[in-house]
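*Asks:* A single structure is presented below for examination.
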Amino acid sequence: MVFRKPPDGGWGWVIVVVSFFTQFLCYGSPLAVGVLYLEWLDAFGEGKGKTAWVGSLANGIGLLASPVCSICVSSFGARPVAIFSGFMVAGGLMMSSFAPNIYFLYVSYGIVVGLGCGLLYTATVTITCQYFDKRRGLALGLISTGSSVGLFIYAALQRELIELYGLDGCLLIVGALSLNILACGSLMRPLESSSSPPPEKMFADKVPDQYFVYHEKEKTVEENISILEKGYIDEKCVNNGPDCKQDSILNKNALSSININEKDTYKKKVVEQTNFCKQLAKRKWQLYLTYWKETMVLFKNKVFSALFVAILLFDIGGFPPSLLMEDVARSANISEDDYYMPLISIIGIMTTVGKLILGILADFKWVNTLYLYVTTLLMTGVALFAIPFAKSYLTLAMLSGILGFLTGNWSIFPYVTTKTVGIEKLTHAYGILMFFAGLGNSLGPPIVGWFYDWTQEYNTAFYFSGFCVLLGGFLLLLAALPCWNACTNQSSKLPPNTYSYKVASNA
């Protein structure tokens, strides 16, 4: 596939709009699953930890399967994957309305919807990067706000739909809305070069002739020669009589020698093909070895190792509030008359604000993005410790806004990764970190739910969450201190303090 130069505009802005609405439609319900979580608790009567697995799978499975999602988009293209994933998300939501038990929801909502969201995220990011180069950071920033806006709107929307049509009706309507992803996906026109040769011709040109075991053209030529020789022998036998037997014997000997040469040629080509396969397998094995060696080199960097621990602990402790805050308010016996706006909606809108403000701060040269990220982690841990002391809607709303704003530190995470490992290793490192972020998303809410099941209150659960986030923040801070770098003589190996979001997004 040969692509034209990114236009940085034109149809690219259509791609930005449809990618924004794609993330809005697919991530709206999974991120606002806290509203559905309350209904599932009442409907199935299971424990909070077991029920929390539904939302955690829906949000974590896409990150865990990110390598598979990347392979699918690379193999089939963004548009087919987006259309197929639209059916997955809509079908999973609609199937969830007929769920007879919580285990059915693990598959229909957790795995099917979660995997569809992961595929759609990869497709939207890939097609946007193809259309933008100089403005890639702006384009990616715009489409990333789609999920936060979806969280803000879907939290209130699902609550109203449940009151009007019940839980089953809500899931059916939300699933029907998700079918609009098909229209968005159909507009993701691939950026192909009109002068590019067809794939078959490109493949044939790239593969050397010696690696083909059998040639149709050669077979046709040999068959024609045999037919002509046979016709010539028959004609000579009719005209010359006795001489034809001798000529026939000579021709048979010649043909037998030709067959022997053909067999030798065929065997030679088989041997060459076998050697080619061996070399290909050896090359692939070397690539795998190189990948694991590079991974070990990354983990030898103490800042990267601390960042890996920090992102895992942050998602274990920092993600549960977006899923469980509604149940926290209900456990605090807050009156519905004081409930002006869903707490999840507050988290969603403040996450959008946090992404924008923290992203702008990271562009200033005097701001160290690694220390900025550590600050957000420490403040998140303090806010989580304060949740057990919040007994009114106003205090919970304030804490929800603070947590939502700090969760916007995802916008500066590419900066932090680039600062830690450098641009040349960004893709490799970012994939590893996203995998463990998905693992934290999947484990966090069930762990907090299990704490509630054991203690029958959320205080211990949020103390645990705050401790996890604070521990990750302190470990990252200690690893990033200049005095520690000087002691280990590795301070000179660190990349510069700041990198642009555009550069980090190139991966």
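In case you wondered, yes, glycine gets a Cβ from its N, Cα and C as well.
Positions annotated as transmembrane segment by TrEMBL: 12-40, 52-73, 80-98, 104-125, 137-157, 169-188, 303-319, 339-358, 370-390, 396-417, 429-452, 464-484.
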*Asks:* By a Cβ-Cβ criterion of under 8 Å, what residues six or more beyond either terminus of the transmembrane segment (169-188) are in contact with it?
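*Replies:* Sequence-distant neighbours of the transmembrane segment (169-188): 14-15, 18-19, 21-22, 25-26, 28-29, 36, 78-79, 82-83, 85-87, 89-94, 96-97, 120, 123, 127, 154, 157-158, 161-162.
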*Asks:* Taking 303-319, 339-358, 429-452, 464-484 as candidates, which has the most Cβ pairs under 8 Å with the transmembrane segment (12-40)?
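*Replies:* When the Cβ pairs under 8 Å are tallied, 339-358 comes out ahead.
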*Asks:* For the transmembrane segment (137-157), give me same-chain residues lying six or more residues beyond its boundaries with a C-beta closer than 8 angstroms to one of its C-beta atoms, as numbers and ranges.
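*Replies:* Hits for the transmembrane segment (137-157): 12, 15-16, 19-29, 31-32, 34-35, 124-125, 128-129, 131, 174, 322, 341-342, 344-345, 347-349, 351-352, 355-356, 359, 410-411, 500-502, 505.
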*Asks:* Of the listed stretches (80-98, 339-358, 370-390, 429-452), which one yields the highest count of Cβ-Cβ distances below 8 Å with the transmembrane segment (464-484)?
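*Replies:* Looking at each of 80-98, 339-358, 370-390, 429-452 in turn, the most contacts to the transmembrane segment (464-484) are made by 370-390.
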*Asks:* State the residues, same chain only, that lie 6 or more residues beyond the ends of the transmembrane segment (303-319) and have a CB under 8 A from a CB inside it; answer 'none' if no residue qualifies.
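*Replies:* Those are 56, 59, 370, 377, 380-381, 384, 403, 406-407, 413, 416-417, 420-421, 429, 432-433, 436-441, 443-445, 447, 464-469, 471-473, 475-476, 478-480, 494, in sequence order.
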*Asks:* Six or more residues out from either end of the transmembrane segment (429-452), which same-chain residues have a Cβ under 8 Å from its Cβ atoms?
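*Replies:* Tertiary neighbours of the transmembrane segment (429-452) are 47-53, 55-57, 59-67, 295, 298, 304, 307-308, 311-320, 323-324, 413-414, 417, 420-421, 458, 460-462, 464-465, 507.
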*Asks:* Please give the sequence-distant neighbours of the transmembrane segment (52-73): residues at least 6 beyond its ends with Cβ less than 8 Å from one of its Cβ atoms.
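*Replies:* Residues 30-31, 33-34, 36-37, 40, 81, 102, 105-106, 109-111, 113-115, 117-119, 121-123, 126, 319-320, 323-324, 431, 434-435, 437-446, 448-449.
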